[in-house]
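Asks: TrEMBL lists these features:
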TRANSMEM  20-38  transmembrane segment
TRANSMEM  50-68  transmembrane segment
TRANSMEM  80-105  transmembrane segment
TRANSMEM  111-131  transmembrane segment
TRANSMEM  143-166  transmembrane segment
TRANSMEM  178-199  transmembrane segment
TRANSMEM  211-232  transmembrane segment
TRANSMEM  244-265  transmembrane segment
TRANSMEM  277-299  transmembrane segment
TRANSMEM  305-330  transmembrane segment
Amino acid sequence: MQSKLDLHLEFNIKMNNLQFCSGLIGVILLAKLAPSIGNKGGILHPEITSKYFAVFLLFFINGVTLPIETLKAALFRVDVHCLIQGFTFVVFPAFMYILVMMLHYSFLHPAILDGMIILSVMPPPVSSAIMMTKAVGGNVAAALFNSAFGSMMGVFITPSLIMLLFGRSEIEVPTEIIIKQLFITVVVPVVLGQIVRIYTLEWLNKKNLPFNSISQWLIFFIIYTTFCASFSREISGLDTVSFLFLTFLMFALLVAQQMFLFWFSHTVLKYSRSLSLAILYTASHKNIALGIPVIEIIFEGNQNISYLATPLLLYNPIQIVFGGMTLTYFQKWLGSPKGSRVLPTYQSQV
């Protein structure tokens, strides 16, 4: 029979999952009802509040709550970095290229197929992969480093691969601006958080500040503005059958990636469960914040630009919703009380 402690922990996990899933559904519905509020130029001004303030604060909390030893350990796991970045920029694009060659005989518009290749070369995001890794109790430090590192690499690699595949070598991507933005919203807050942690750790442990709740609300706000932007963008010219088929295909691709990464990292490479979950989310999620501007810059004036962006526009919300759907399963798989936390406590090791 389960002990009272086990039953209490299981109850806490279920309640946290219910709260997270309810919040996720709630913000998606709110975004659907009035997407203009949380879209660029709306009253919430997400281009500032979400893109800079919320992301900055979220990474600052990561810096405060993650022990320096954990960050150091993640930094020197070169094998993990090679696996995540290699899968992101080599394995998945190669698989997608073969799949697209097969789908050329289907009813999908050729520009949609090009959009699938564009999707495949996108880097990991700096938000959703970390959100989901936190929520299940995975290795946040590994997800944080590889999301930031992959996004910075993607500034150079993603446009280069697109221009190589589509022959647009004359296009200039504002790499300096994007790198500065990533540095300000990711690197700076983590460093500041570590400085605060070093000098105030004892005080933080005494005060027991509600970083978990603050982070969760920040996550919901970022997801809300992401979906507002998604719902505000038109997917024009796509018939119902193509839309449904493409949605199913994006969902299937996400599941297939995560199943492979789950099996390969934990069964073949024998990585820990928490590290396998960080790999699963980071290597399978794609960065829409970088993707849409890159598509608009490279394919400016292309009459099929909406088709080119459609796979990414569909994939982004699917990766967030599916992450919420698998939350309980992965927390149980971890088999540890830390799976019930959204963030690690100040002295914990992820």
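From the backbone N, Cα and C atoms, a Cβ is placed for every residue, glycine too.
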Asks: What stretch, picked from 20-38, 50-68, 111-131, 178-199, 211-232, has the most CB pairs under 8 A with the transmembrane segment (305-330)?
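Replies: Maximum Cβ contact count belongs to 111-131.
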Asks: Grab the same-chain neighbours of the transmembrane segment (143-166) for me: Cβ-Cβ under 8 Å, and only residues 6 or more beyond its ends, written as numbers and ranges.
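Replies: Same-chain contacts beyond the flanks: 59, 62, 66, 71, 74-75, 80-81, 84-85, 88-89, 93, 114, 117-118, 121-127, 129-130, 133-134, 173, 175, 178-179, 182, 186-187, 190, 278, 281-283, 287, 290-291, 294, 298.
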Asks: Find the member of 20-38, 50-68, 178-199, 244-265 that has more C-beta pairs under 8 Å to the transmembrane segment (80-105) than any other listed stretch.
Replies: 244-265
Asks: Looking at the transmembrane segment (178-199) and the transmembrane segment (244-265), are there 3+ C-beta pairs under 8 A, with each pair at least 6 apart in sequence?
Replies: no
Asks: Counting CB pairs under 8 Å, which listed stretch among 50-68, 111-131, 211-232, 244-265, 277-299 touches the transmembrane segment (20-38) the most?
Replies: 211-232
Asks: List, by number or range, the same-chain residues at least 6 past the transmembrane segment (111-131) whose CB is under 8 A from its CB atoms?
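Replies: Same-chain residues near the transmembrane segment (111-131) but 6 or more away: 55, 58, 62, 84, 88-89, 92-93, 95-97, 99-100, 103-104, 140, 143-144, 146-148, 150-151, 153-155, 157-158, 161-162, 165-166, 182, 185-186, 219, 222-223, 226, 238, 242, 246, 281-283, 285-291, 295, 304, 307-312, 315, 319-320, 323.
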